[in-house]
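Structure first, then comments.
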Amino acid sequence: MNKYLAELFGTFWLVLGGCGSAVLAAAFPDVGIGLLGVSLAFGLTVLTMAFAIGHISGCHLNPAVTIGLWAGGRFEAKEIVPYILAQVIGGVIAGGVLYTIASGQMGFDATSSGFASNGYGEHSPGGYSLTSALVTEVVMTMMFLLVILGATDQRAPQGFAPIAIGLCLTLIHLISIPVTNTSVNPARSTGVALYVGDWATAQLWLFWVAPILGALLGAVAYKLISGSNKD
């Protein structure tokens, strides 16, 4: 049970810290943190939680990561469903806390503001198409899993995995926020989309399918380049 609670709290922190920075601080007058700040916030949530709960649950915080680690031979199949449930619950609770905070500002409307939801077409920050969004999410998640599997390999330098993984997630956001608002994480997408409803839930399917496909490809890619299916 401890590891499931760890995943719940960890994903809560990722969604609250990452999406919270986007909703509350990104465009704050005069001192808004912007795209760079939001990207760093997402990376920092993973970095801090990796040190906090990595020894308890492995600090997946992401259904795609859980599935990718299973595909890479690093995780048991029987744990996939409870891990994903814990992650989604943590993300949804964080979305609720963030919604409560954001609602305290006069004129706030989750649907029109987007509430840090992921989207494509007219709901892409840069107006990118469904195809662009699909390719972006698949490739970004593939590379994320490649870094995770490599950084946590027993042959890799020890103790640096949280830094490599956190910086990788930061870089992913720097690249892809303009395209999809960056998901690479179905729990992150679900955690805020449910409070927007409308277009956000209608487009949510992509942000489950693409990251999971990307994670599977990342696991295959790492097996190809690592020369071993084992740690």
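Cβ coordinates are placed from backbone N, Cα and C, and glycine is handled just like the others.
Listed in Swiss-Prot:
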- 8-28: transmembrane segment (TRANSMEM)
- Cys19: site 'Involved in tetramerization or stability of the tetramer' (SITE)
- 33-53: transmembrane segment (TRANSMEM)
- Phe42: site 'Selectivity filter' (SITE)
- 80-100: transmembrane segment (TRANSMEM)
- 130-150: transmembrane segment (TRANSMEM)
- 159-179: transmembrane segment (TRANSMEM)
- His173: site 'Selectivity filter' (SITE)
- Thr182: site 'Selectivity filter' (SITE)
- Arg188: site 'Selectivity filter' (SITE)
- 205-225: transmembrane segment (TRANSMEM)
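Features as recorded by Swiss-Prot, highlighted on the structure.
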residue	record	Cβ neighbours (10 Å)
Cys19	site 'Involved in tetramerization or stability of the tetramer'	27
Phe42	site 'Selectivity filter'	27
His173	site 'Selectivity filter'	23
Thr182	site 'Selectivity filter'	29
Arg188	site 'Selectivity filter'	33
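Of the candidate ranges 8-28, 80-100, 159-179, 205-225, 205-225 has the most C-beta pairs within less than 8 angstroms of the transmembrane segment (130-150). Between the alpha carbons (Cα) of Cys19 (site 'Involved in tetramerization or stability of the tetramer') and Phe42 (site 'Selectivity filter') lies a span of roughly 8 Å. When the recorded sites Phe42, Thr182, Arg188 are compared by Cα distance to His173 (site 'Selectivity filter'), the shortest distance belongs to Thr182. The separation of Arg188 (site 'Selectivity filter') from Thr182 (site 'Selectivity filter'), Cα to Cα, is 10 Å. Cβ atoms under 8 Å from those of the transmembrane segment (159-179) belong to residues 35-36, 38-40, 42-44, 46-47, 50-51, 54, 59, 124-126, 128, 132-133, 136-137, 140, 143-144, 147-148, 150-152 of the same chain, restricted to positions at least 6 beyond its ends. Taking the Cα atom of each, Phe42 (site 'Selectivity filter') and Arg188 (site 'Selectivity filter') are about 10 angstrom apart. Look at Thr182 (site 'Selectivity filter'): DSSP puts it in coil.
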